[in-house]
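Each remark here refers to the structure printed beneath this line.
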Amino acid sequence: MSQVILDLQLACEDNSGLPEESQFQTWLNAVIPQFQEESEVTIRVVDTAESHSLNLTYRGKDKPTNVLSFPFEVPPGMEMSLLGDLVICRQMVEKEAQEQGKPLEAHWAHMVVHGSLHLLGYDHIEDDEAEEMEALETEIMLALGYEDPYIAEKE
């Protein structure tokens, strides 16, 4: 299985307590090589202000969000391994993990898995798409040794 090239950018005011680069690498490697070989992904971990600004600019939503995915569209005739960028908001991940009673590490893993599937073209706008994407997320999270991230919704 090929490995994903990771460009990790830590852009928080305080970067202490974040997952290690090796963890981000493990989470990416659990998703992307199943679908695409020789991939490069940038993960940028940001604070609330940057997440809010990007979410407003690119999605028209005037609030921060947990993860944003920016797939790279390769121009016709070019071959590139760049899959895209994930922007993950530290404070949103921490807040959601606490509110949902999930281990913080598991929620970080879920955000990387979720965002990576978006980079690969998966979405959750329509119900059938959401079911397919959530099933994949659950399968990958279980393979990584974490609980089903949607268990609370299924109970």
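For all residues, glycine too, the Cβ spot is worked out from N, Cα and C.
If you check Swiss-Prot, you get these features:
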BINDING   H114, H118, H124  Zn(2+) binding site
With the cut-off set at 10 Å between Cβ atoms, which of these binding-site residues ends up with the most neighbours? Options: H114, H118, H124. H114
So, in DSSP terms, is H118 (Zn(2+) binding site) helix, strand, or coil? helix
Beyond the listed site residues H114, H118, H124, identify every same-chain residue whose Cβ lies within 8 Å of the center of their Cβ atoms for the Zn(2+) site. V67, S69, G115, L117, Y122, D123, M133, E137
